[in-house]
């Protein structure tokens, strides 16, 4: 009986000895795998890695195909992405019981969405639409009239939506309805701010859309690869899966890729020429000085055994380094912001439309930040802000009627004649 009491007592030396023995047992291989901090040693994570890889390859293939088709098709792709993003974000705060009592709330959201789309794209593409229609006098006058009253039409559509919202207010539902109204407008600001800059970059030359977008894709892929195989040190609490190894490895890869990729893409006129209309034909133009090769002498600290003392580069490659730095260091904070947002709403992903990636919005968080920076950098440091013949002609074609253009032509001809006489 004494032995039984000793054995059953948790405070006896025998029990403590047995406890220590259990803690010193040999760990099985399976336990070692699960205890490893590297994601590559986790079977579930490895399966997720393969699914994510297949999805990424399909997305890259589709992206390359659309880029090959040209400016107008890339813009159409941006519009489709916007619609999917808006759908995911609209659904985020919807509640089924309340929506059943408000049958028109979804239609109202989409009314505001398409009104905002008409306003944004009308302002961006109006001049190019007018340039496309100059050959047909009837369509040119029709388009000119629509452009002239574009803002009034958009405002009228918005007021219709505003009145529609007021008329659908229901007792005991006010807070939910006004919350949806505010949420809808926030979505429109986020989605269309990014897209307006993206489309503007596309028509300045596909290069200015393709390079920034590709750098974000490269950074995202290599952050995942370096983190998957080497990641041990957590980077930020908002995203526990992000590691310093992934962040640093992706940053170095992205900056190098920016310099190399700019040299490759900058040699194709089809990618570098700006598009002034909405046609789909191939482009040819005189190369901008940014895309003309120049000799570059390598620094003196390069070892003597290195075979090249001079190399040919494009001036745009130096600008590409700035884009690469931003894509690798600043743009990921768009992803961190999205992670914090998802934690606030206690969701894993914005959607499930892309296997292994989540929703469309999950892929666009860093792209939104990058598109805005690329546009601001392009307009501030690269594109000339001086008045040009093309810009004046665009203003004339957009803002003057056919009769006013004829009058301007006569007056301009008379002025030139007087100067020459």
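Including glycine, each Cβ sits where the backbone N, Cα and C put it.
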Under Swiss-Prot, which of the candidate ranges 128-148, 149-169, 275-295 is annotated transmembrane segment?
149-169
Out of 348-368, 369-389, let me know the one Swiss-Prot marks transmembrane segment.
369-389
Residues flagged as transmembrane segment in Swiss-Prot, choosing from 60-80, 81-101, 396-416
60-80
For the transmembrane segment (183-203), which partner among 102-122, 246-266, 321-341 gives the most CB pairs under 8 Å?
102-122
Below 8 angstroms Cβ to Cβ, which residues of this chain, lying six or more residues outside the transmembrane segment (321-341), approach it?
211-212, 215-216, 218-219, 223, 236, 238-239, 242, 247, 250-252, 254-259, 350, 361-362, 365-370, 373-374, 377
Among 149-169, 206-226, 369-389, point out the range having the most Cβ pairs under 8 angstroms from the transmembrane segment (60-80).
206-226
Report, as numbers and ranges, which residues of the same chain sit near the transmembrane segment (206-226): CB under 8 Å and 6 or more residues beyond its ends.
49, 52, 56, 60, 63, 67, 70-71, 74, 198, 242-243, 245-251, 253-254, 257-258, 261-262, 265-266, 270-272, 316, 320, 323-324, 327-328, 331-332, 366-367, 370-371, 373-374, 378
